[in-house]
């Protein structure tokens with residue numbers, strides 16, 4: 001190779017390659033088949049539902065941050081910081097592929113030993129239903145235990161919980177919006193059968209919604 005040709009080769013190898021724009025780089029790594037999964041719609045509820053089912057955790061036990069699902073993106077976003085000094089007594093989330101009258105997935109409070117990071121999912125067993133009215137609208141909560149926690153997995157009904165535990169849950173939901181001047185009413189806890197019925201109803205409502213969407 002001549003000296004002139006060698007110098008040209010060196011110059012071309014040292015010249016910086018054009019860097020594609022960010023959106024071009026992102027699009028080049030994605031296809032229509034590799035869109036990020038949506039935790040509400042893409043995660044299955046589980047073969048044992050409505051008895052045992054998957055739960056996507058939104059809020060960690062002991063947190064003052066009110067996280068919630070962003071229904072458009074599927075990401076977990078910060079909704080607000082609680083106005084009072086209370087913290088969530090247990091992990092809180094939703095059941096995938098369910099739908100309630102407020103157009104949200106069904107809410108669940110999961111009792112277990114440890115806090116779980118927002119965005120993770122776990123298997124839970126329904127043990128009861130907490131009927132609740134939030135600012136005049138129905139906003140019932142499923143009370144569940146982690147099906148893979150050795151301390152809680154044997155619970156099958158809410159009557160097996162200590163009265164103090166039930167009072168702790170009730171008081172949290174009665175008080176956590178008081179400083180926002182928002183009224184919440186909690187009715188008597190209902191047994192596991194009522195929880196199973198509520199979950200099944202929300203599963204059916206979600207299925208109807210999907211069929212209606214496909215027919216459009």
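The backbone N, Cα and C atoms fix where each Cβ goes, glycine too.
The compositional bias 'Acidic residues' feature in Swiss-Prot is assigned to 1-10.
Annotation source Swiss-Prot lists region 'Disordered' at 1-21.
The feature substrate binding site is assigned by Swiss-Prot to 66, 80, 92, 176. A strand conformation is recorded for residue 66 (substrate binding site) in the three-state DSSP classification.
For the recorded site, residue 88 (active site, proton donor), the DSSP three-state label reads coil. What Swiss-Prot lists as active site, proton donor is 88, and the listing cites similarity to another entry.
Among the features that Swiss-Prot reports, Mg(2+) 1 binding site is placed at 102, 107, 139, with the record citing similarity to another entry. According to DSSP, residue 102 (Mg(2+) 1 binding site) is assigned to coil rather than to any helix or strand.
When secondary structure is read from DSSP and collapsed to three states, residue 107 (Mg(2+) 1 binding site) falls in the strand class. Counting only same-chain residues six or more apart in sequence, the Cβ atoms lying under 8 angstroms from the Cβ of residue 107 (Mg(2+) 1 binding site) belong to 92, 93, 94, 139, 140, 141, 142. Marked as Mg(2+) 2 binding site by Swiss-Prot: 107.
Report note: the substrate site is defined by 66, 80, 92, 176, and the residues of the same chain whose CB lies within 8 Å of the CB centroid of those residues, excluding them, are 59, 64, 65, 67, 79, 82, 88.
Within 10 Å of its Cβ, the residue among the binding-site residues 66, 80 with the fewest other Cβ atoms is 80.
Residue 80 (substrate binding site) sits 13 Å from residue 88 (active site, proton donor), counting Cα to Cα.
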